[in-house]
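Visitor: Pasting the relevant annotations from TrEMBL:
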ACT_SITE  R294  active site
BINDING   Q109, H111, E136, H275  Zn(2+) binding site
DOMAIN    5-153  domain 'Phosphomannose isomerase type I catalytic'
DOMAIN    169-256  domain 'Phosphomannose isomerase type I helical insertion'
DOMAIN    336-376  domain 'Phosphomannose isomerase type I C-terminal'
Amino acid sequence: FPPAVFPLSCVVQHYSWGKVGLESEVAKLVASGDPLVQIQPDQPYAELWMGAHPRGDALIRDNRIPQKTLGQWIADNPACLGAKVKDAFQGQLPFLFKVLSVNTALSVQAHPNKELAAKLHAQFPEHYPDANHKPEMAIALTPFEGMCGFRPVEEIVSFLQNVPELRALIGEVAAEQLERSGSDDPRGVSAALRVCFTRLMKSEKKFFVDQLNMLVKRISQEAAEGKDTAGSNGDLLLRLHSQYPGDIGCFTIYFLNLVRLEPGEAMFLGANEPHAYLHGDCVEVMACSDNTVRAGLTPKFIDVLTLCEMLNYTPAPSSSKIFPAAQSQLDPNVYLYDPPVPDFAVMRIEIPASIKLYLISAMDSASILLVIQGTAVGTSTAAASEMSLHRGSVLFISANESISLHLSSPDGMLLFRACCLL
């Protein structure tokens, strides 16, 4: 039999928002995973792609395997996905696993549901490259900040009252409609929120740049005088404005929740949920798609009308955006993040130093394993030979195969395993 468990060499994306050189968790993992890699100190290392996506198909690091990439190997050995996964996802690996190292904000964006994705892809294939939905989940590796979902209405109303420049852009009629919308009428609230956000995002470029400059000047002066600018979300505004001067996305901070994750905490982003990652390092898993509708904090193609039409305008507190992990009943070292979509789930595996032999159990799905810390020798009946595992190692594990880890590190191990639980 050909090996069904093997190490991968993964593709790095050098997007401009990434952390630079060895400040980047992506770069650190790549450097530890392959000592021959030279890290360029002035280049951004934004994303590590662990999967079979055509724009970043992982290379197989096992010269006994004739196929060069994971995508080719899965195409030739579709049974490796597991019977249910293979049938449900037409012989494709349904998820893409990533590490992100975010230095400056990513664009304000949302991902379409399947129905909208199919429509956008048919109409504008150059901007929307496939017909799939793209739910995603981020799990913090370092303290991580992002914006996600609409804030509770009372927070937005408070900003409308404290930030005259915001109110000017939205207009008195829409602002008053939101102020009057009552919590007893959620549909009325969502409708008012939609009007306000759409007014903001569609405001004339010259007008919003003037208002933004006035706001930045006012907050800078207040901060210089030692005043508290929290009522205008001053710190974040100045930070985003320094990264993307004159960008309409700077105003979205008054509508979207700021979510702070500690290492191990996660946020799940379903279809149509507005979000923008701001800073920090995370592992991320998503459905295998590249469909993103953008509307600010970016030099890329923006599609304001589509974004404003598609968003989920349900206000909720930022605490509700943190997605909980459940400790496994079968194995107390495993914490499972299982979001409400079929495409993916993630396990965080924390092996304490007291354990010297640990079994990565077989499951009825292909999975990808990432080592964040610790060292071990891995053996598997499905691997050609024993595998040395250390920080930055990435393994593909076919369905129904297990790996025995012989731990050699004094401080245990931290691993993440992406899979599909049907």
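If you go along the chain as it appears here, the first residue is 1 and each next one adds 1.
Each residue, glycine too, has its Cβ placed from N, Cα and C.
Those TrEMBL annotations? Automatic predictions, nothing curated.
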Visitor: Are there residues at least six beyond either end of the domain 'Phosphomannose isomerase type I C-terminal' (336-376) with Cβ under 8 Å to its Cβ atoms? List them, or say none.
Guide: 8, 29, 50-51, 74, 80-85, 88-89, 93-95, 97, 99, 135, 137, 139, 141, 264, 266, 268, 270, 283, 285-288, 323, 325-328, 388-422
Visitor: Other than Q109, H111, E136, H275, which residues of the chain come within 8 Å of the Zn(2+) site, judged by Cβ distance to the Cβ centroid of those residues?
Guide: A110, K134, L269, E273, T292
Visitor: Which numbers of helix, strand and coil residues does DSSP report for the domain 'Phosphomannose isomerase type I helical insertion' (169-256)?
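Guide: Computed counts for the domain 'Phosphomannose isomerase type I helical insertion' (169-256) are 67 helix, 1 strand, 20 coil.
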Visitor: Starting from the Cβ of R294 (active site), draw a 10 Å sphere and report how many other Cβ atoms land inside it.
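Guide: Around the Cβ of R294 (active site), 22 other Cβ atoms lie within 10 Å.
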Visitor: What whole-number Å value do you get for the CA-CA distance of R294 (active site) and Q109 (Zn(2+) binding site)?
Guide: 4
Visitor: On average, what pLDDT score does this prediction assign to the domain 'Phosphomannose isomerase type I catalytic' (5-153)?
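Guide: The answer is 96, the mean pLDDT of the model over that range.
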Visitor: If you draw a 10 Å sphere around the Cβ of Q109 (Zn(2+) binding site), how many other Cβ atoms fall inside it, taking every protein chain shown into account?
Guide: 25
Visitor: In sequence order, what residues of the same chain, 6+ apart, have a Cβ less than 8 Å from the Cβ of H275 (Zn(2+) binding site)?
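Guide: Set apart from H275 (Zn(2+) binding site) by at least 6 residues yet with Cβ under 8 Å, we have V108, Q109, A110, G146, M147, C148, G149, L256, L269.
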